[in-house]
Every structure is written in structure tokens, then in C-alpha cells.
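Chemist: I'd like to ask some things about the structure below.
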Amino acid sequence: MSNATKFGKVAVLLGGKSAERAVSLDSGQAVLDALLRSGVQAEAFDPQNRSVTELVNYDRAFIVLHGRGGEDGQIQGVLEWLNIPYTGTGVQGSAIGMDKVKTKQIWQGSDLPTAPYRIITKETDLDSVIAELGLPVIIKPVHEGSSVGMSKVEKAEDFAAAIEKATQHDAVVMAEKWITGREFTISFLNGQPLPVIRLQPPADVAFYDYEAKYQRNDVEYGIPCGLSETEEKKLQALCLRAFQAVGAEGWGRIDAMQDEQGNFWLLEVNTVPGMTSHSLVPKAAKAVGYSFDELCVAILDQTLEGTA
């Protein structure tokens, strides 16, 4: 690629210290290989093993750090301080996007439909949660991605164990109303929605969990997604509003449900989605003609905005 030199020296930020380190290493290696194939002068940079001050030796950064430390505004803040352009969402949008409760609060304040929820503390009366949300519910750590620490609870007696599992990953835990229906994911490139993908985990999987996302090969990905053209455009428009409401930029992903009455519900936003062979953004981009290598270069192109 003749114009790859315009990027200068690129740090591909991968690994890190979060619960999603293994996924980030896989994603980061895939991105690194793609950039190198495209002629970009790119190098792997793992903040767990190197001081972030060494980033001053690079012209820009491609962030493929998933979870805390990489997706929550921390590394974005460091890069802002060092005046190094980087891919994706900025400090504030990243911090909001990593916090499932803050995300929901912003969506609710913007009149965007998101599943009802309750924050769970040691003092919370679980019977009142069940009375409010019904069963089943899904228990989630508020600040984790990749479905880490999540459980579906169908019986009241399983509530405590699910909360215990979630608190191993985060001090803040939430219960969210379970929405029965079809799950969709909407990817973004250059701030615009790509074709919707329908997710169909196998029957023995309660939801699109960590194993389904990264380890199983029997998850079905529907492109086209099975929605009518009108419905797909409606969902894309809804998710674009949701993406912009939290301050997300560039590339990312929003997960949503359609209930049995046909209503759409926003679940969460992902500001640094996976880029592995199982990942959803590459699948959506492929549907509109992007190879994986072209996708990675297009994401990196965002770092040139305002510098030309």
C-alpha cells in the first residue's frame, strides 16, 4: 500500500492487565499482522510489560486493549497527555462506555430504550429486585466486557451464587431484566452503522457469553440479519443515536435485542470490540466489501483526521 507511510510509526496496543487480556492479545496480533501486510510500520506494544511513557516514540496508536485500562479512558488519557493520535473513542466516551450503568443512564435520559435494571449492593433486597424485574434476569459486573462474570438467573435460589460470581470481577454489580427474543449486534466504522448481524448461539448456551464469543464454532451469525429493510434501518438509526449519545467515535459496536412484540432494546456499547477470527466488526465490514486488512487501515485512518 503506497500511502501507508503517512501513518508513520504505529503502536498496536494489546494485552494489558484486564480480564480480557487473552482476547486482546489475539485481537492485537491480528491487527498488527494486517497493518504489516498493508505496509504500515507497526509494532506490538503491551502496557503490562512496558512503560506507557515509551509511547512517545510512536506517531500514533491503534488501541486493541479490551476491558479496564484500555477501554475505560485510562490509556486514552495517557495518549492525550502525550499528544499521540489514537483510534476509536476519546477519554470521556470510553469511560462512559465501560460503565454499563452510566451508559444506561445516558440512554434513558436520551429517551432511548434499554432493558430495566437494578444496581445490586450488599443491602439490596433480592426479593424486591425479582418483584421489579421478574425472572429470569441477567447478572453483570458493571465494568467488564466480553460477558466476563455474567450469569442468567432463572430461579430465586440461584441469585446469590450469580452475584458472588460477578463480584469476583467487579465491586459494582447489576441485575438486568432478561429480554426474550432475537439478539443483534450493530458495528460502526467511521461513525456510521454497518449491516446488522443476528446472533444465534447454540441451544445449550443461555446467552452470547465469553465461550460463545471466542471459543465455540457453532454460533450462527446472520448476515443478512432477517429483519425487513425498514426494521434494519430503524435499528441502525436507533443504535447510531445510542452510539453518539455516550460519546463513542470512529469504530465500535452496540448489542441490542428485539423482544417478542417486535420492540428493540439496547443492551450495551463496546468501544474497542474484538478483532479475532470470531469477531463481529470484521464480519459486518466484510458484508460491505472490506477485507480484514482494509478494515484495519480504515480504522487507523481516523487518527489522521485534523492532521492533514
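Glycine is no exception: its Cβ is also placed from the backbone N, Cα and C atoms.
Not my notes, these are from Swiss-Prot:
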type	residues	note
DOMAIN	104-301	domain 'ATP-grasp'
BINDING	130-185	ATP binding site
BINDING	ASP255, GLU268	Mg(2+) 1 binding site
BINDING	GLU268, ASN270	Mg(2+) 2 binding site
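Would you situate these features in the structure and describe their surroundings?
Modeler: According to DSSP, SER151 (ATP binding site) sits within a strand segment.
Other Cβ atoms within 10 Å of the Cβ of ASP255 (Mg(2+) 1 binding site) number 20 in total over all chains. According to DSSP, ASP255 (Mg(2+) 1 binding site) is assigned to a strand segment.
In the three-state DSSP classification, GLU268 (Mg(2+) 1 binding site) falls within a strand. Sequence-distant contacts of GLU268 (Mg(2+) 1 binding site), defined as residues of its own chain at least six apart whose C-beta falls under 8 angstroms from its C-beta, comprise LYS100, THR103, ILE254, ASP255.
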Chemist: Do me a favour and check the Cα-Cα span between ILE130 (ATP binding site) and ASN270 (Mg(2+) 2 binding site); whole Å is fine.
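Modeler: About 28 Å separate the Cα atoms of these two residues.
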Chemist: At the level of the C-alpha atoms, what whole-angstrom distance separates VAL137 (ATP binding site) and ASN270 (Mg(2+) 2 binding site)?
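Modeler: So the Cα of ASN270 (Mg(2+) 2 binding site) lies 21 Å away from that of VAL137 (ATP binding site).
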Chemist: Work through the binding-site residues one by one (ILE130, ASP158, ASN270) and point out the residue whose CB has the fewest other CB atoms within 10 angstroms.
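Modeler: Taking ILE130, ASP158, ASN270 as the binding-site residues, the minimal 10 Å Cβ count falls on ASP158.
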Chemist: Sort out the sequence-distant neighbours of LYS165 (ATP binding site) for me: same chain, 6+ apart, CB within less than 8 Å of its CB, listed by position.
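Modeler: In sequence order, the residues whose Cβ lies under 8 Å from that of LYS165 (ATP binding site) (at least 6 apart) are ILE139, GLY149, SER151.
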